[in-house]
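Presented below is the structure to which this report refers.
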Amino acid sequence: MAEHESLEFGKADFVLLDNVSMEEFMANLKLRFEKGRIYTYIGEVVVSVNPYRAMNIYGRDVIEQYKGRELYERPPHLFAIADAAYKAMKRRNKDTCIVISGESGAGKTEASKYIMQYIAAITNPNQRAEVERVKNMLLKSNCVLEAFGNAKTNRNDNSSRFGKYMDINFDFKGDPIGGHINNYLLEKSRVIFQQEGERSFHSFYQLLRGAPDSLLRSLHIQKDPKAYNFIKVGGQLKSCINDGADFKAVADAMKVIGFTGDEIQTVYKILATILHLGNLTFGVDGDVTLIENTKLVSVIRELLSTKEENVEKALLYRTVATGRDVIEKQHTTQEANYGRDALAKAMYERLFCWIVSRINDIIEVRNYDAKIHGKNTVIGVLDIYGFEIFQNNSFEQFCINYCNEKLQQLFIQLVLKQEQDEYQREGIPWKHIDYFNNQIIVDLVEQQHKGIFAVLDEACMNVGKVTDEVFLQGLNTKLAKHAHYTSRKLSPTDKSLEFDRDFRIRHYAGDVVYSVVGFIDKNKDTLFQDFKRLLYNSSNSVLKAMWPEGKLRITEVTKRPLTAATLFKNSMISLVENLASKEPYYVRCIKPNDVKSPLLFEHERCRHQVEYLGLLENVRVRRAGFANRQTYPRFLQRYKMISEFTWPNHDLPSDKDAVKRLLQGCGFDHDVAYGKTKVFIRTPRTLFSLEEQRAEMVQRIVLFLQKVWRGTIARMRYRRMRAALTILQAYRRYKVKSYIREVNRRFKNVRSMKDHGRHVKWPTPPKVLRRFEEALKSIHSRWWAWTLIKGLSPEETLQVRAKVAGLEALKGQRADLGLQRAWEGNYLKRDSPDTAASFTLVSSDLQRKDKFMRVLFSCNVRKINRFHKSENRAVLITDRHLYKMDPLKQYKPMKSIPLYNETVLSWIPSGRADQLMSGVIQVTGLSVSPGKDQLVVFHTKDSRDLVVCLQDMVPANESRIGELVGTLLSHFKSEKRKLQVNIASPIQCSMNGRKCTVIVEPKINQSQPDFTKSRSGYILAVPGN
Ligand SMILES: Nc1ncnc2c1ncn2[C@@H]1O[C@H](COP(=O)(O)OP(=O)(O)O)[C@@H](O)[C@H]1O
Ligand SMILES: [Mg+2]
């Protein structure tokens, strides 16, 4: 019930006619045709009238208007039906098919192309490359199939001479992922013969008119079709076909589809071979049959890549196996002609089937796994040869018309019969609408034993000479009483029928007179084995592959092949079964006139088509009937969310009650009927409205589900995190524990170890315990040190303290601190044994006088005096004083410097009383150099620093600076006093109040360190090497 179209264009749906009568139907059809409205609905069936002119209604903008729309939202169009089929497939996961019917030239092929274009245009919004590839292949394949399968007939310049059913496979997202083409009975007799005004298949003319000269030369053919017997009838016909341009388009398409260069060349060679075959003539010489134009044989040999004598032999002889013997039987010229024609037809048919199978290889669905990708659904498009009546109707027309009977039967079954039966079954009040059921004609053709095909097959099975007339006699006896069959014998007065030649069938679409001439041959469809072997043995692998049965040896008994009629019948039955298993959509094409005029609406011609297509009955059934029916559970499943009574589950006694409740709630009660198992919805509008409400609710449900699901996910994630954390903690505890356990194990016997665990390797701690490990290590170190020092004597303790102090002060800043040896401190006695007695004397004297407790250090030194002269002296450092002594005068003390301020002064050397009294004399610091020399500067508070270099040591060159520094520091520390220690070079000091520097310089030939004066102070020259 299309809208959005003004009434001036007539009624967009025949259901809206005021009266369903032929007059009104025709008036509406005519009005719409004249107004350029070529499409009209009968419910969901599209009636299409061939406009015979280019219509501007297939562009991108129009596609957009129909995309995703419901049927009745837009003016009638093929696109709407294509969209409906697509939606049904996508929404309900249903396989659908679009059946396009109508007589030859009514516009079926064009319609199928527009439908394909539409589907291609609305799918694959994401531009997936693979899907684009598939779509391109599907569209391109058309062009190739039309070149080889279509021809100009008297009814249609581009008449399909084969049936085509194309399945398009879609993935769960609704994108095309592949396809498959079934082809039906190619009218191959056209290869060798065409009626007046007709042409052979386009491919021949395309080759002659479009191929470059070089190609033509290599194929040994010339441009003029008149030169070839097989195609000369249609060679000079005028039409708007542009063969030259089509040749290029087809060649390109073949390339795009994926035909190899070799394959394309072979295609051309086969076409050329067929043309040459047509020009072969046979003659007789005595009783020998021969080829008159033998030159052609070598051309054919070259094109077929076989041996020349084999070509000739295959054309002139037939190998026959009689029991074990194999003999070669020569053909008569008649047989040779028959063989040649059969070869030409068979080669072309094979070529065509091979092209289809190559296309199928390429577009076939790949890598689809229903488990992963969901069900793959199919839209089938059927474009089959239309019903036709020619001047001379032969076996092919008979098959074609039978095919149309079958399709009409399917239409009747699905649209008229099933629907009415269903209303009855479901108990819906219904007044039966009568229609003509063509099952009787279908039976006439295909019934076992009695049908025309059966009679034909029977005739073919007879041994001996079987003629077409015998077949006709068979028909006459078997079908004499059949209402739809007649012949001259049965109705002798009918002059339109020829005796022994014609029979007439009253088809649903009209009477057709068939001539039985050729029926037997065409049905047997014999091709001598010799040809099959010839082609199989070609060195052209593409050609060879088309003839696999050529490999059978002549003696191998093969089953009698099925006849052409049986093959065709079987293929039709399976086609109809296939269509019936899908949800069908119909396009009914009507041809407005026989002269391809865009203006002419031949009333009678159209009326006839409307009548035999059963369109009026269609309208009646549709009008009284219902647009949609669904079982109650299914209906509920789909729409239960739009009513509170049914969502999420109803508590009514039955689904039927629930559906009633739901529909009453929506206010649709008047537009529906309740059957026993199904609910019937009259107008599509109601269904659409239900769909709309559902879509709205689905959004909410989706939101709700999302909400719940998100919550669930979050909770799941939270629980996982918690678990991970627990595991983490346990693991960490475990790591810590095992670390501690390991430390315990390794250090268990640390007390009894010789080195108290110094050698023990620490285990690697977990990251968190790095600092803990440091602490542990330091605890161990301390404990270890403590165990070392706790057994020391007081003397040893002092020494260790001194060494520690020395190490702290000098570590890294001076080499050789002498830590390894014992620090004796009081070295003078050892170094100068000869004078030791005097030193001991002076020392005890001083101890008495100055009351010192112990000697910290003593040593011989070289010293700079006030007059910049160096002299030998000795120093003695006690816990209270630093004494400078003169070794040459029995160690007479020459100077005494308190280590720090004393309150009580017991001994004052002469001439220094003033300074001492003021308390300014005291040692404030030490300076040593970073080198190995034994230089030391004692800084005093009165700026009269004492600059000395230790010397005369035993053993010689013993390094004592470390000991001196360490001992003094340690002592000062124990007295809680500060002593400044500098390590520097040069050393800054004050002599007699003047600042100066002391530099250490190695000198060659210097046997002992000694001081000399320099400009800024002094140089201590040390032995250099
Ligand atoms: N929708 C259309 N728009 C324009 N011309 C059309 C249309 N349908 C058919 N024709 C014309 O009619 C001719 C025959 O149509 P075609 O589809 O080949 O018929 P069929 O397949 O039914 O035998 C086409 O070649 C074209 O010229
Ligand atoms: Mg066609």
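Think of each number as a place in line: the chain as shown, counted from 1.
Here the Cβ of each residue, glycine as well, is placed from N, Cα and C on the backbone.
What you see is a predicted model, and the numbers here were worked out from it, not measured in a lab.
Per TrEMBL, ATP binding site is recorded for Gly102, Glu103, Ser104, Gly105, Ala106, Gly107, Lys108, Thr109. Under the heading domain 'Myosin motor', TrEMBL lists 9-695. Residues annotated as domain 'TH1' in TrEMBL: 812-1024. As annotated by TrEMBL, region 'Actin-binding' applies to 572-594.
Here the features listed in TrEMBL are placed on the structure.
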residue	record	contacts (Cβ under 8 Å, 6+ apart)
Gly102	ATP binding site	Ser48, Lys108, Gly386, Phe387, Val587, Arg588, Cys589, Ile590, Lys591, Gln609, Leu613
Glu103	ATP binding site	Arg155, Gly386, Phe387, Glu388, Asn404, Ala509, Cys589, Lys591, Gln609
Ser104	ATP binding site	Thr153, Arg155, Asn156, Ser159, Tyr385, Gly386, Phe387, Glu388, Lys591
Gly105	ATP binding site	Asn50, Thr153, Arg155, Asn156, Ser159, Gly386, Lys591, Lys596
Ala106	ATP binding site	Ser48, Asn50, Gly386, Cys589, Ile590, Lys591, Gln609
Gly107	ATP binding site	Ser48, Val49, Asn50, Cys589, Lys591
Thr109	ATP binding site	Glu146, Asn150, Asn158, Ser160, Asp383
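The 6 Å Cβ screen around ligand 2 retains Lys108, Thr109 from the binding-site residues Gly102, Ser104, Gly107, Lys108, Thr109, ordered by sequence position. Only Ala106, Gly107, in sequence order, out of the binding-site residues Glu103, Ala106, Gly107 have a CB under 6 Å from ligand 1. If you take every residue in the domain 'TH1' (812-1024) and average the pLDDT, you get 87. Counting every protein chain shown, the number of other Cβ atoms lying within 10 Å of the Cβ of Lys108 (ATP binding site) is 27. DSSP assigns Lys108 (ATP binding site) to a helix. Highlighted in sequence order, Asn50, Asn156, Gly386, Cys589, Lys591 have their Cβ within 8 Å of the centre of the Cβ atoms of Gly102, Glu103, Ser104, Gly105, Ala106, Gly107, Lys108, Thr109, the residues recorded for ATP, and are not part of that set.
Note: the region 'Actin-binding' (572-594) comprises 9 helix, 8 strand, 6 coil (DSSP; helix = H, G, I, strand = E, B).
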